[in-house]
């Protein structure tokens, strides 16, 4: 075998150069200069011995040794292979600095493999320093050439190579590669036996083979053995390719739409993360263009965001892991052995088994987020509560709560009294529970110490249960009352709930039930439905974050009625029952939720549409309308400052006088609440806001504000050229600001007239008012006609009143003989013609578009008929209410406070009420209203007539006091 001396060039691991193949590697500056001098000093392209490294040494032994490498390590032998390749140096280039992979290797050398060579052993060792700094010449040996392999080896080689090329051609997605594999297949068919070893080298250099396979081919100089090795390698690669293809096709078929979507989302996330990193790098680059910097103020929060993961909207793997860790932490915080923990653990295990991209994974995760966000009473709080029991221990707790209620609401003493009672009970129970807990701790301490003195007895060992530790017993929860505030709009029902929450230091949540018609809105949807979720109660608990919030169920009287969606009112029976709501079952959560610590407050305008079982569970508190005195206080303390702040004015800019404010309350509003009063005050404030803005636009002095009385008229004319502003609002200014008063005409129309009586009513909104009862006599056949959208009950009251008047017509002097029909033989009806004319009575209640019904119009209708048939008139400042019986009794009616306040707003001075309602007036009607009005309580119709028309105004036949000369009433009782 021939030998020669060639410069040795070590190939970095895992690079290998086979004969007839080409490779390009980076070299150091010193080697590049030596190769350059070698190229320049020879006529032809120089030849070097390219020897591969069998293992990496310090990532790359061709580089200079790092600082932490000792000289002994740097001077040790390189792990060079025994066989290499004699290669011709085709090109030596020095690429630009921006494209270099390493600054210590500035040159790239391209080599072309010619033939195998074997590196002969030498006494001089090749170290890293020698190889990187110089081209060491060593003796190499060329293997013998011209050997021809056997036919069998060549055929096996062709079959294995053809099988591999066909597989690669089918699997390749590029057309150029498929064409290249087809050409090589054609060359195999015409390949001569002597050229088979050369083809083996070509195929191994072309294919992406492993390092060990390439090194085995390089280290095999014998042609027969090389073909056998290549055949084994090709068969292995063909088998691997077939199996990989089968696995890939099976995986592709098994991938569902959701899994593919998840895979694409992961790719998109990775792309977005890389783009974000590029943008961040370009933004922090010191060589960036300064012209692109923003000219405004620098956002200090941007740096904090850049330090983290960028925008909080980025959906990366870290956020996903944090969310799952938070879910796990919340499940672990639940009480051991509780139902919610068992459910959470079971669903967590299901979540970990289901692929992340599936729909079921999202459903379970949403459920776990809801389950862990509910404030369970037995669970350990993840964050410290905003309030503690220290407020309840404070001796001034009740005083502070009372002052809080007084500062938020004026009046409403009955409601405040009930709330203070509840707060007192809460404080006492909290103190008692602490005493019991302290006593239990004292009793348990001696027992714990005594255990150390007990002798060990194997036969008396206690049995340790295998079940998990049960949840510790929590203190008995204080059941909150279920209050139902009933009253007209604008009386402060909703704001009372907020004041209660402030007094207790609890979170406040409002649930609007108006128009709710589905039972699932209360109890939640079952998880079998798409986009299901919990009910309003559980949602409010999650927002509150505590198991004892104040929940306001607003407009409970306007909830939907029973339909095919279920009855939402019936679903509230469980929520508002103190004996059942400790185990409330939401269909979505499917775990009992404790609502016993929740303070429920319901509001309604009327009790008519609320079911009886639901009313039975509530503590009803009536909120009637405000008096004029209360409205004045509310306007001064709350409404006027609120409107000044809303319209950009200060208190010194506008002053509304007492007469003006009273005129607004009496002439421009007539309601039980204060909403219309607030709107009217807002109109006045906005008018003054326009004047103040115009005054400032005319260069007026903002410090000079004139009062209404300080500028005489002659001075105003003299100073008309100067801008002026008057802050006071007088009663005379209201017509210019708010327009003509709404209720002046109705007050002027009220007059004492025959057949006209003013009754008291309660509207559908819960407000009290005055309703005129009009009656006239018309020619007819002696019948009664009732109009005004009247219900059956009020129609029966009219017929009852007419029957009583007919029965007592002779005592009242309407007919000449007893038991004579007053409509056919009456006197003084005012009808032209014969005195014996037969007439019909038309009884009308105005505002026919409004439905009217109720058992409280009997007295007013009786007085109207008596006034019509006798000609006597009732004063226009007298109003009345009450129901009558055939015996002439006046029975009690409801809504006394609302009716009295309505009469007070209508400036009535005398009110006739049933005697049975006397206690309602003394208990509910404010003292200032009672002092301004005259109340007459009657037991019979005769007393009502005397109170309405005046004593002696009606000519009763016989003595009214002792009943002499009068007919005896015969009563029939079953």
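Glycine too: its Cβ is placed from the backbone N, Cα and C atoms.
Keep in mind that this is a model prediction, so the values were computed, not measured.
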For TrEMBL, the entry region 'Disordered' belongs, out of 235-277, 278-320, 321-363, 364-406, to 278-320
Count of other CB atoms lying within 10 Å of the CB belonging to residue 899 (active site):
29
Students should find that the Cβ of residue 856 (active site) has, within 10 Å, a number of other Cβ atoms equal to 26
Rounded to the nearest Å - Cα separation of residue 856 (active site) and residue 899 (active site):
11
Can you work out the mean pLDDT of the predicted model over the domain 'Lon N-terminal' (6-238)?
78
